[in-house]
């Protein structure tokens, strides 16, 4: 894969882009292709720009971790100054087009999504506290709310409650991954939940958070009267998450934690697809 494409973290940002599209299609009475395309373009540029900036800022961390040592910057495939310029150009384009093409309120959420990931999480919190992902997680809320604001022209409590399905899923997902690579994070000096609270406590917290996230997603879907097809999709992901989360909580083994991580990965995607299906 081209190193500049890798800098965009496509396996991460596609879910944020999907969240923005789901917010738009869920809220718009009469969605149109031009608006949807503009939203996708803006979401791609702003999230990709933030991801590329994260690569630039964390290049020393990436070099110290086995999991990330082959990324473009520590591997010498991209010069740091080029990565910085690339990230800033994409970010500026995404934010500017967010205001120009989508309007003031959606544009504000585009900016907030970028800010929470690139500045709050990456620059301010990542190396300082294990609570870093709780600050950065608001980027997930913002992407959904930006799409919702574009479709509805406003943001209401309904939208905020749905956006917190994303917020709850993010730390449970990231911490489960961090548990597997906890030695890497210790080596790099990055505080993450599994490296600061002890392994048994981390397993309990992550498992319970996964269970809470799955339960919240299912409750939201039922409370807002979702359809049968979408309900089947969401239920499949939720059941898998609850089953593996309960098993991880009971056994507290690395294998069980990894199974929970893999099982919980699709649940947010299924929820967002269900929102689109019910639009």
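Glycine is no exception: its Cβ is also placed from the backbone N, Cα and C atoms.
Note on Swiss-Prot: of 54-74, 159-179, the range annotated with the feature transmembrane segment is 159-179.
The highest tally of CB pairs under 8 A with the transmembrane segment (108-125), across 5-25, 133-153, 159-179, 201-221, is held by 133-153. Across 84-103, 133-153, 159-179, 201-221, 256-276, the stretch most heavily in contact with the transmembrane segment (5-25), judged by Cβ pairs under 8 Å, is 133-153. Here the transmembrane segment (133-153) sits against the transmembrane segment (33-53); at least 3 CB pairs are under 8 Å, leaving out pairs fewer than 6 apart in sequence.
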